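**Q** Supplied in structure tokens, the structure appears directly below.
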Amino acid sequence: MDPVRVAVVGAGVMGLSTALCISKLVPGCSITVISDKFSPETTSDVAAGILIPHVYPDTPTHKQKQWFRETFDHLWAIANSADAREAAVHLVSGWQVYRSISTEVPFWADVVLGFRKMTEAELKKFPQHVFGHAFTTLKLEGSAYLPWLEKRVKESGAVTLTRRIEDLWELQPSFDIVVNCTGLGSRQLVGDLEIYPVKGQLLKVQAPWVKHFIRDGSGLTYIFPGVSNVILGGSRQSGDWNLTPDAEISRDILSRCCALEPSLHGAWDIKETVGLRPYRAGVRLQKELLARDGRRLPVVHHYGHGSGGFSMHWGTALEAARLLNECVQALRTPAPKPKI
Amino acid sequence: MRVVVIGAGVIGLSTALCVHERYHSVLQPLDLEVYADRFTPLTNTDVAAGLWQPYLSDRGNQQEAHWNRQTFDYLLSHVHSPNAASMGLAPISGYNLFHEAVPDPSWKDIVLGFRKLTPRELDMFPDYSYGWFNTSLTLEGRRYLQWLTERLTERGVRFFQQKVESFEEVARGGADVIINCTGVWAGALQPDPLLQPGRGQIIKVDAPWIKHFVITHDLDRGIYKSPYIIPGIQAVTLGGIFQLGNWSEVNNSEDHNTIWEGCCRLEPTLKDAKIVTELTGFRPVRPQIRLEREQLCFGSSDTEVIHNYGHGGYGLTIHWGCALEAAKLFGQVLEERKLLRMPPSHL
């Protein structure tokens, strides 16, 4: 049987992890990852990479919890393996602090480790906050994790191709099925007007003594210590496509983070970076059969993760692979002969 | 008033600072000097991993338990300062691991967020079946000594690099009060059969992905004889050696292997970590700290000696409480000699 030729468009965390899931779960496929940008030039390279989910209003909670748990388990296995260093996946503990009392327990509380309310003594460290949660979670660095994924993808026999796709039909007749992981690119590529950028600016600094994450409950201010730097954030500018960092915003981020963690006044080697979150009310995980001039092209859409890409990537990639499997089965089932 | 502090490890320098802070304004002139044959980075403090954590049981010593708490509270009050990192100070969380269930430590309410480990957390450490998680503080020896030196220099305290052979030599040089912070070497100035070296060896590595301390305990073998991994401000300290009575200052290759194998087994990602340096030091082991006054008579005058040594493997953990106590004893000396122009300021 000839292999089913799959084109995965997009080489951010979604494209690469979907390619890897397909190689593991769907036999008989030959996979090509096609993108105009590979690491370190993708949105995933900018993102902080901490496993704290973003809530999707349009997706049922049990589904989000499943995706988060699958992603956590996948990264947990890497963190405890010989690949931990190369993929830059590690445990990190810290605090999420709020300016008002919250009785809500987040859906992901029992997926992370040791989740509990902060004690009075711990809250003294944050005079502007009255309530908080302490827990241990995982963090990765996009600029290390993506190359690690790419290596695993290639080991499985897939190939990568640097090319900008302007129209999905370009992929026919070379490919049988397309997996669309183009994030914000889908606005133009498939005409999805529900996806729009929410620009985020962050600072990558040297402050190796910071060993804990601190995140303001609003999600706007955060400190995430990684392997090669500490990430300070952030900003949210809806509808802004401009990738140039704004000096005023950088000053504001540093000021807010120093208010949470005064020792950051001693941080050095401060680098600004900007990424565009691919915002959508819900992740688009959907099969579509494109038709034109009598031709058909099955597409699996897998994009639109907004702020929560890394937190959900493996769970949604597994689901995308399942959808792809359905497409493969459909291709392999001979079409019923029309009755005369 | 001439005060000489002998010893420039964490005990000597912090005691000097504590005394100077409290008495320089009420005792003029206060001429305070530090004599030592070793300064940072060559002291035992420089070898210490730098984690605030007392022994598992305070052996009934309430006073030492109190000094530990005073030190934690003092350090915690500085953790918010913009200069915390240059002091070598930062919060750090981590794991204490055991082969069996143990009672909670007496310091569980001093550290932050103390709790038992959950089953999923214990899955990370297959050789261990029980443990604790808490947030404590890292106080890196070298940086702290540099910071203390800067503070003392600002105050006009002078340092002299010399090996003191006797209390008499210092007394005859004009010292009114001698503060003896000679640590493991105190026996050279006055024999002390209760004081012994607890030799330790550590390996410092570059492993910036490690954000937690991991300390294992083997209750049969005793403290510090089981692997530990303690991240500092920049490098990570690997250890697990405690040899009572061993004065060898040379790094030992068998000890290196013990540390390396033990720590890599605990944290396999360490296998590729780059080794930055390897050091040997001597914990000044004593059944309890010697923190007391003694009057010595040389010639016609009495010299007051305040002893402050024997802090074992918990010197950084207890140092400020002891410095406060030593300063209090110093105050008593001043009162007895009617040297105070006004009541001492309680800072």
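For all residues, glycine too, the Cβ spot is worked out from N, Cα and C.
When I checked TrEMBL for this same protein, it listed these features:
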{"type": "DOMAIN", "residues": "A:5-323", "note": "domain 'FAD dependent oxidoreductase'"}
{"type": "BINDING", "residues": "A:T43, A:S44, A:T182", "note": "FAD binding site"}
{"type": "BINDING", "residues": "A:Y222, A:R277", "note": "D-dopa binding site"}
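Help me picture these features in the structure, burial and contacts included.
**A** Other Cβ atoms within 10 Å of the Cβ of A:T182 (FAD binding site) number 29 in total over all chains.
Within 10 Å of the Cβ of A:R277 (D-dopa binding site) there are 25 other Cβ atoms, across all protein chains. A:R277 (D-dopa binding site) carries a strand DSSP state (E or B).
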**Q** C-alpha of A:S44 (FAD binding site) to C-alpha of A:R277 (D-dopa binding site): distance in Å?
**A** 9
**Q** Across the listed FAD-binding residues, A:T43, A:S44, A:T182, what is the farthest Cα to Cα distance, given in whole Å?
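**A** Those residues reach a largest Cα separation of 12 Å.
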**Q** If you measure A:R277 (D-dopa binding site) to A:T43 (FAD binding site) at Cα, how many Å is it?
**A** 8
**Q** Give the distance between the Cα atoms of A:Y222 (D-dopa binding site) and A:T43 (FAD binding site), rounded to the nearest whole Å.
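**A** A Cα-Cα distance of 18 Å.
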**Q** Compile a sequence-ordered list of residues in the same chain as A:T43 (FAD binding site), six or more apart from it, whose Cβ lies below 8 A from its Cβ; state 'none' when nothing qualifies.
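**A** In sequence order, A:G12, A:G183, A:L184, A:G275, A:L276, A:R277, A:P278, A:G309 meet the Cβ cut-off.
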**Q** Taking the recorded FAD site as A:T43, A:S44, A:T182, identify the other residues of that chain whose CB atom sits within 8 Å of the mean position of the site's CB atoms, giving them in sequence order.
**A** A:G10, A:A11, A:G12, A:V13, A:M14, A:G15, A:K37, A:T42, A:C181, A:G183, A:L184, A:G185, A:P278, A:G309
**Q** Taking 10 A as the limit, how many CB atoms besides its own sit near the CB of A:S44 (FAD binding site)?
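**A** So the number of other Cβ atoms within 10 Å of A:S44 (FAD binding site) is 29.
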